[in-house]
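Annotation source TrEMBL lists FAD binding site at THR150, GLY189. For 286-447, the entry in TrEMBL reads domain 'Acyl-CoA oxidase C-alpha1'. Marked as active site, proton acceptor by TrEMBL: GLU432. If you look up TrEMBL, you'll see 487-665 marked as domain 'Acyl-CoA oxidase C-terminal'.
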Amino acid sequence: MPNRCIKEGDNPDLTKERKTCTFDTDELTANLYGSRNNMERRREITKKISADPDFADPIPHDFLSREKCIEATAKKTKAVVQRGSEFCDVTNYYEMLHLINEAIGIGGYPLALHYGMFLPALEGQAEKELTDDIIPRAKNLEVIGAYAQTEMGHGTNLRELETTATYDKATQEFIINTPTRSAMKWWPGNLGKMSNYAVVTCQLFIDGRKIGPHNFLVQLRCEKTHEPLPGIIVGDIGPKMAFDTNDNGFLALDNIRVPRKNMLMKHAKVSPDGVYTPPMHAKLNYGTMVYVRAHMLYAHGQFLATAAIVATRYSAVRRQGRIEHGVPEVQILDYQTQQHRIFPQIARAYAIIFTYMDIKDQYDAMIKGIAEGQTDLLPDLHAITSGLKSVVTHMAGLGIEQCRMACGGHGYSDASGLPKLYGVQIGGCTYEGENMVMLQQTARYLMKAVASALQGKPLSHSVAYFGKKSSGKSRIGKEGGDIAREHEAMLEALEHAACRLSVEASQMWEKRGRGGETKERAWNGVTVEMNRAARVHTRVFMARSFHRRVTSSPPSIRPVLTDLLSLYLHYECVDMAHHLLEDGFCSGEQIRYLKSRLYEDLTTLRPNAVSLVDSFDQSDRELNSVLGRRDGNVYEALYQWARKSELNYTDVLPAVQKYVMPMMEENRSKL
Ligand SMILES: CCCCCCCCCC/C=C\CCCCC/C=C/C(=O)SCCNC(=O)CCNC(=O)[C@H](O)C(C)(C)COP(=O)(O)OP(=O)(O)OC[C@H]1O[C@@H](n2cnc3c(N)ncnc32)[C@H](O)[C@@H]1OP(=O)(O)O
Ligand SMILES: Cc1cc2nc3c(=O)[nH]c(=O)nc-3n(C[C@H](O)[C@H](O)[C@H](O)COP(=O)(O)OP(=O)(O)OC[C@H]3O[C@@H](n4cnc5c(N)ncnc54)[C@H](O)[C@@H]3O)c2cc1C
């Protein structure tokens, strides 16, 4: 069966791996990206960008200062903007995303938040009077914007943000002010140096009454000189764990006046005479965050895929140690521990991307509903995207770190691309709402579902399984080798655990309430359990999505995807075995069965491991990893990469000449 990556001159071990492929890698790639045409388009973009001198990096960014990296990234951004249509359909979201990844990389660029949040916020929340003026100019990039919500003192708890927007009826303006140091906006991407406008989240005050957080468009810099306008203090917050090429910024506003129409008023409104009309759903103002949380799944699935590609290919190329005496050193991918470290990451990357596809469909349906005046899909989507954002970012972070360690010493080098990848990816656990906080949003929803299920009321999409009758005892290991029924038995067991944990958390909460605690204090006493229930529920959702995609996949790739799904479900069940055992739903014998099946899965997947990661179809540019390169010629590339280090420009470093040599000389003369 064809693995389409084989080329002459490649590392022979990688070629050997590709020859054992049992499926058509292009079929799987096309399935992953929606169609064969989408796959071809991605490849065309890659090819053109790779040959274009505007996007060449003579010195890898690993060896440049932050300022130089920002300059190089800004230069490439300008080229993408001016020449984008030479490479792709600039109106196609996924083509643009791919172009940006190929041309610029993942560490941030001047327009990241402009496209990622500023424009979506205006499009989703502003009304015509404002959008007619600002959106054409924003699309034309006369205006570049950031999404400035988080403050130095508050991010998670939006209700306590301190920046104020006070309505002045006399002039029909809002006065926007930063009353304290902790009220300074702090963290927003591209706010520091690149943006000349921002959507700023402020507490709305009308006639002395605090109404709550709302968004306002504020001009920050002169459109001609790019200097900050009077009354505006803006700058970069300094170096951080990663996202080196993003100017996350600070902002203070000194009683800045903006016209009434600058409030984003598609949902909530303030009339000229100061009458406030609330939105049709209280949290529609938070819509941009739901949008980003949903789309983060795709990015984080791809981040994990990158790490899995690097670790799998490198493990096929590297030979070290022997499994039996008297035979040559083995590829490290033959070690069971290595497979157990890496293969679940491959499966999880597929699971995340497939789950994203389901969420994207739900998101689109919700937006259609809102346009028709219906918000009934929003609570379910908010609850599940809050859980998914948290589980996926955490899962991807752990997975990337496993892949990095699986590459041994070279994984610790920036040459692997993995330290930077981890730094960028792990930020997702924090931004768009810290994970522990967002899981509580899911848990709240589960508590309502428990109550509805007990009362026999209808249950919405993500919690529909709460209405199923549990069989009391798991069928795991009792399906006589029927793989479809085995998968169903594992899904049923996970659903049982999620439901039970939710019911138990609800009972604990109630009990504390009966003991005299307020509802809120009682909640804080059970949040660990609440979040546990939310995580298991979210993992059930992912497992169901993965299962649905596999069972509906084309027959040519279904066998390999079924193997991957088996590994995924066995791994998830073993990882959550304590939840399955706790109430006796599963026995110890059943967990031992799951483990033995998992180890069989590792062996089954071994011949297809490289081909499964090849099917993610990430180019060498996207991987940005000496260890993960498609041709597997790792060692020579590693040496050439290290040669580019600034420390190697001279044989004797000035620092050595200045301090170390005189010290050696002094010591020598003392003898
Ligand atoms: C064309 C070109 C290419 C373009 C590329 C685009 C890329 C896009 C993909 C992006 C990928 C990566 C981008 C990376 C950059 C990201 C940079 C980061 C940005 C940020 O971090 S912005 C700041 C984010 N901040 C937060 O997320 C804050 C988190 N806090 C909150 O959301 C809230 O404070 C809260 C939800 C935790 C609590 O809110 P509160 O008002 O107090 O409400 P509650 O009392 O808890 O709940 C009351 C009820 O409301 C329900 N609720 C809450 N939120 C929502 C919601 N959003 N929607 C619907 N319902 C909601 C809640 O469930 C309660 O319901 P109930 O009363 O129980 O029924
Ligand atoms: C890379 C990056 C990019 C960002 N980009 C933007 C941007 O473009 N625009 C923007 O506005 N913001 C941005 N942010 C800010 C980001 O959205 C916030 O940092 C994030 O929402 C978390 O809020 P916080 O910093 O207030 O954390 P905190 O709430 O202070 O969290 C600290 C700890 O307190 C815990 N905690 C807080 N509240 C609760 C609770 N109710 N229950 C239990 N535990 C709790 C948390 O779990 C965490 O352990 C960015 C941040 C990063 C790291």
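The backbone N, Cα and C atoms fix where each Cβ goes, and this holds for glycine too.
Same-chain residues at least 6 positions away in sequence with a Cβ under 8 Å from that of THR150 (FAD binding site) are, in sequence order, LYS185, TRP186, TRP187, PRO188. If you measure from the Cα atom of GLY189 (FAD binding site) to that of GLU432 (active site, proton acceptor), you get 12 Å. For GLU432 (active site, proton acceptor), the same-chain residues lying six or more positions away in sequence with a CB closer than 8 A to its CB are MET289, VAL292, ARG293, MET296, LYS389, MET438. For the recorded site, GLY189 (FAD binding site), the DSSP three-state label reads coil. Mean pLDDT for the domain 'Acyl-CoA oxidase C-terminal' (487-665) in this predicted model: 97.
Under DSSP, the residue listed as 'active site, proton acceptor' is assigned to coil, being neither helix nor strand in the three-state scheme.
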